[in-house]
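Peer 1: To start, I am sharing the structure in question, which I have written as structure tokens.
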Amino acid sequence: MPAQLWPAVSLLVVMWDGVLSQTAADRVVFSLGTFKNISLAENATVQAVVSRIPAEVAFLILQFHTQQYNITLSFSKVPTLSSSHTAVDSGLLSPLLITQTSLDWYLLSPENRPLTSVGVILAYGSSGTHPLLFVYKTQSVLLFILFVRGAVLPTCNATRGPSARLEYHVYQYFLPEGDLSEQSLLSHMQAVASVASMTAHGTKLITWAASEKLSASFKSVPGQGVIYSVVVRDPVLNASASYVPVHTYACSFSSTLDSCMTIGKVSTKIFFTIAGFAGFFVCFFGHQFFKCELFCLGHAFAAVVFFVLITRTTTLEYNLRLALTALVGVVGGVLLVLSWWRFGSVLCCVLVVGLTMGFLLAAAFFFTPVGELLIFRSGAVFWVTFGGIVLLVPLVFVRWPREGNIMTCGAVGAYAVVLAVNSYAYTSLSYITLDILKRFLNNNYSRTFTSMPFQDIDYIMLTVWAVLGVSGVVLQLHRERTRPFFPPSPYLMWKQERERRKTNVLDPSHHMPSLPRRLQHWLLGAFHRKEPAGEVTPLLL
């Protein structure tokens, strides 16, 4: 599901420190610019204190990060709505008075549960070559304004003054695939905390002007950790700053059914495991066993169409929808095989095969960076382009039907193996087709940014897909080079054989009774005892 990005506030320069235990008096002393691990006991309040603040510091920012549960940062021991911030990635900004040398905040668990968190207090001055920026949120617009120690906060106005020229750059950073550990999150949060590190290691998704509504939706993959950050730049003063990074796994750690730790239902694994074995068979033997290939492709075609329809029109539970999809897929496969058996139309079969291959090619095309172009964020442009690619492939296959069928066997069959692997070890390649299904199921999905991580396992699976596909195509082209383009229709062969037997009196089968008569004779013989024929005299030659 797409995730709304509402980053908290901060400018970051980060160092790492060891674990800090809370004191007996629930008081923790911080050093400026140093990350510290703090454990919050249930129903406990911790006071975070920093002293000996240098005179050149204009304001301080306190930020804390937890993996699963909210943490509350407050200016007072009893938090109020206007004096506290509660989130898994929480931050508070404290402007300093001219003579102020110390400051304290309060930390507590709003859900009354033990918490492990990491926090830092960052200091920023009011003098130097690059002016410093103060960040705050007013209604739906996030603003940066200049701020010096002891100054009165200026009026928030994104259309006048220095704020009007600011640029907002949204960055995305993927955590290692399959790694849901807390230590991994905290270490990578440290790695992208500053403007320089996020711009170096992250991926820029979008740029806003200060006058625009600063809200966007991004596609999220359940179980895939992502860190988002907003970097604000003043092009005139050549100064940059960033919000507090925020993270999401797009799943719940506490759910008993589909939590982050139990992603991947058994029914899904069974479904795609069977699909993987069938795909492997089709990849290497599909054209030789043509009826088996038609059943598999007919199953896939009918299953995709039915799953989209039943998901959009009903609220059935996932396992039931998957079972019905598998059943309808079997019906679709059987119908395609029966159509081939009865009519033997190569054109009809090439149409279904071509549409399947066209769907995969079009989905792969939009999975590349081309799919991120602004023009394809329009639903009409996307679907016209997608449909054009899908329909183009069957037209090409009409000219080269056998080669097109074998290429479809190799590409689609090998991709089914990739989907089977994905049900056990996540790979981004599964989203080649899942992205299209989500567009079918969600009317607003085209407005979502769909960049995906491409990590080691993805390169491995891309290699597996390519090797299996190419090997299957080459093997089948070599094996089928001396055979007919397509096997003949079984029904047409039976009709020709029946006509041959009727006209060829020298054929022994010509004198055989018809099948109904043979069945009648067999049934009568099963219920009537044969009478003895009497004496049998051998023929005299």
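In case you wondered, yes, glycine gets a Cβ from its N, Cα and C as well.
Here's the feature list from TrEMBL:
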| type | residues | note |
| --- | --- | --- |
| SIGNAL | 1-21 | signal peptide |
| TRANSMEM | 270-287 | transmembrane segment |
| DOMAIN | 273-477 | domain 'TM7S3/TM198-like' |
| TRANSMEM | 294-312 | transmembrane segment |
| TRANSMEM | 318-338 | transmembrane segment |
| TRANSMEM | 345-368 | transmembrane segment |
| TRANSMEM | 380-400 | transmembrane segment |
| TRANSMEM | 412-437 | transmembrane segment |
| TRANSMEM | 457-477 | transmembrane segment |
Peer 1: Which residues of the same chain, at least 6 past either end of the transmembrane segment (318-338), have a Cβ under 8 Å from a Cβ in it?
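Peer 2: Contacts with the transmembrane segment (318-338): 265, 267-268, 271, 291, 294-303, 306-307, 310-311, 349, 352.
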Peer 1: May I ask which of the stretches 294-312, 345-368, 412-437, 457-477 has the most CB pairs under 8 A with the transmembrane segment (270-287)?
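Peer 2: The stretch with the most contacts is 412-437.
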Peer 1: Taking the transmembrane segment (345-368) as reference, which of 294-312, 412-437, 457-477 has the most Cβ pairs under 8 angstroms?
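Peer 2: Top-ranked stretch among 294-312, 412-437, 457-477: 412-437.
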